[in-house]
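K.L.:
Provided herewith is a single structure, encoded as structure tokens, for subsequent inquiry.
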């Protein structure tokens, strides 16, 4: 991952903490660029990156376990400020000559510390609530260090070597439970590391455009466009950088939401004057999906067919050297560090063929999802597009449970459009993480007018979440739910019942398939 030399950087080294991405995000929220890297990064690479500061993350291991994660101690001699968090503090203590031992019992939860007003705690009250999560404890600090915070359970809640600008805290400042955690991190970034905080989406665009132009030159780029936020932002950024050297392929597999295909062509083809090839492949996809009910088989068929269609269209183009992808920083982190854990595979449409001889361009692979949205706004993409609902690669194919037919797709498409319209009218778009309708394949008896019906049931799924890893069902007002239900039953053919999913994640997932 190349990075402009003039850009201030805080380097976060990963020791397996569940909060490691949070550290990176907190730093970026301060206007300072931050990257998460494996703890085994070389001294030479650190020197090349030239960070203003280094943060050692927490982790689940003991520093005394066989094979426990460590770093090259030369890091402490680079003259770069270092902050160790939990495991990072214990490792620092051990490597610099202090003593660490296994605690009698793991300390987990809120604790109260008493802090001195030094650089790290500058401007903060002496007594504050923090979040502890550790099984080792420091019993003797290295030479040159002093205690800057203690607690009822430990004499060494925070330590510092002011001369070498090396710090350690036995709690997690990056989590919300730590009362002044953001302030502590800001003190480290601004006061200790002397960062100015000038990283913005505006200068990110300037830097990325220059990088794209240098990489591409006068050659051509191909972009697979789904109409989703990530690929749309990538396409607009590339178009801003290289104009007509970019060609986008938009595969319409017939599993899109109502009006989505036309919207992509109108907003991006006409609105941004981009060269987009729309491939109408509905019949091709539906013929492959005929008679298939198993969700994994459906997903695989849709993914494979997308690849084949894209490959066929790409083969018609000549002199294309680059392929652009909307890879996010979360994808890079999960695939790039030894401590990464894969929680759940995403609904990607599938990898592109290995024999496609393109160089990759991934201009947003240093950004988190919320940063991509901010980038989209800065690029001039309308807010209603930037804040569109997340949509899985297989599209409505996994929101029709069981076999997919045109009639079933129409029910989901129309009911989902009604749901989104009412949510928008009620001003709830930003309050609900994700919302959509599903067709669970259940028919039930109903009465419409003077006639008995035996028609489909539509399910509504709406959840609140911070990151999508866990979620709770949204507490939508009953009157709003009644409005949604009434409109669906009255406006969508062959539906006589609407149900609301009130299950959290876990145990269920957000999507039904």
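Backbone N, Cα and C atoms are what each Cβ position is placed from, and that goes for glycine too.
Checked Swiss-Prot, it gives:
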ACT_SITE  86  active site, nucleophile
ACT_SITE  172  active site
ACT_SITE  174  active site
BINDING   226, 227, 228, 229, 230, 231, 232  ATP binding site
DOMAIN    9-198  domain 'Glutamine amidotransferase type-1'
DOMAIN    199-388  domain 'GMPS ATP-PPase'
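Situate these features within the shown structure.
P.N.:
Under the three-state DSSP scheme, residue 86 (active site, nucleophile) falls in the coil class.
DSSP assigns residue 172 (active site) to coil in the three-state reduction, outside any helix or strand.
A simple way to gauge crowding: the CB of residue 174 (active site) has 26 other CB atoms within 10 angstroms, across all the protein chains here.
Less than 8 angstroms from the CB of residue 229 (ATP binding site) sit 369, 372, 373, 376, 385, 386, 388, each of them six or more residues away in the same chain. Under the DSSP three-state reduction, residue 229 (ATP binding site) is assigned to helix.
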K.L.:
With a 10 Å radius around each C-beta, find which of these binding-site residues (227, 228) has the fewest other C-beta atoms nearby.
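P.N.:
228, out of the binding-site residues 227, 228, has the fewest neighbouring Cβ atoms within 10 Å.
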K.L.:
Round to the nearest Å and give the CA-to-CA distance linking residue 86 (active site, nucleophile) with residue 230 (ATP binding site).
P.N.:
35
K.L.:
Counting across all protein chains shown, how many other Cβ atoms sit within 10 Å of the Cβ of residue 230 (ATP binding site)?
P.N.:
19
K.L.:
Excluding 226, 227, 228, 229, 230, 231, 232, please set out which residues of the same chain place their CB within 8 Å of the center of the CB atoms of the ATP site, keeping sequence order.
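P.N.:
Those within range, site residues removed, are 225, 233, 234, 326.
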K.L.:
Return only the integer: C-alpha distance in Å from residue 232 (ATP binding site) to residue 174 (active site).
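P.N.:
Answer for this pair: 31 Å between alpha carbons.
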K.L.:
If you count other C-beta atoms within 10 angstroms, which of the binding-site residues 226, 231, 232 is the most crowded?
P.N.:
232
K.L.:
Nearest to residue 174 (active site) by Cα distance: which of the binding-site residues 228, 230, 231 is it?
P.N.:
230
